[in-house]
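This structure is in structure tokens; I'll ask about it shortly.
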């Protein structure tokens, strides 16, 4: 005999077993219902026939594009690679059923290869298959509405204009349409006016500014029929941060280093060395970034124009530096400074640039007279009898007025008397006088040579200062002008 506790446990176990059996029976019934429905729908189904009751009726296909990733933009080959979901919605009257007859089944997932599908292809495909593979399943509803959303990776052709690289915008389009059915057989309708970007992964180099879709009815030269297509235009903008940091800013620094060449004095001897160093650094930099710049012969990219501008800039600085050094080391023996050069470079430009000769500043600070007054041609000394007697009188006068002792005065009068008596016949005195005149002439010539050399050096300083400002202006305005082009170009397009 079972007690009441054992009877309760047995009753509970029987209930659980019965519930599990009923659930299993119901599940097997559901699977059987789905299998029966599948066999009933596709027993006599022909996937090659359009799903229309009347041959003259078109199949209305609703089409929508969803983008998940902008994988790559190849500027050289002009290809845009995208990861897309293509949503097709149409109605097939042959695939209807009553849910009440099949245990309430309202949806059925069927292989896409088992049903009729619109042959929607990408017209401007560049690489790979033009048509989407039918490996995914389609969602079939009891009223005959079919939703098929296959994923696809397309490499579409996209004519690109890289004139303003790396500040460029591109307009790439994806053109979808039926390849064999015309408008009378398939009518494409676009779902919404924008590309679905809810599941889009941001790209590190490109930003999608706008993605709009448009429907077109086109008559091609090959055929009499009108074909419908849906074209999505992707307006994308390049993110220039990478190129700005690694390309443009180093070029700017190199350009401004070139300007500093004209601030170096010519005497230091490092002007040409600095120019060559800057040119070599720019050349090495160009070799490094060659693979980064799009290689095309259709247009010159903006960054290519800037690199060319920088190269010309550095080359001109070397030419100007050589010219300045040539001026700096000129002498009266090799060159004569024309008057117009003196007027322009020694008077006009210094006043405009507020430059003054260092010698002039020294004279103002120390109150020194013009050195030219000290280098005037001395009067030729002529030792005539009249001059000699005058000189001797002055010497006797000095001797009389002095406080020298009489013994010493008597001894000092003897050389003077000897000079007076033997001046006419002394050849040594004449040699001394000629030597003094020779020294005076050499000093005068040396001073004049120094003045001319100082003028050439000062002219070199003026030319350096002129080109310093010229190169600063050209560098600033050239850089601003080049990089304002994308802004002005986009404003004009808008």
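Keep in mind that glycine also has a Cβ here, set from the backbone N, Cα and C atoms.
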Where Swiss-Prot marks N-linked glycosylation site, which residue is it, choosing among 171, 447?
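According to Swiss-Prot, the N-linked glycosylation site annotation belongs to 171.
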Using the annotation in Swiss-Prot, determine whether residue 45 and residue 427 are placed on a common side of the membrane.
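Going by Swiss-Prot, residue 45 and residue 427 are on opposing faces of the membrane.
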Can you tell me which parts of the same chain pack against the transmembrane segment (466-485), counting only residues 6+ beyond its ends and a CB-CB cutoff under 8 A?
164, 167, 248, 252, 255-256, 258-259, 262-263, 302, 305-306, 309, 313, 317, 320, 324, 349, 353
Could you tell me the mean pLDDT over the topological domain 'Cytoplasmic' (328-465), as a whole number?
66
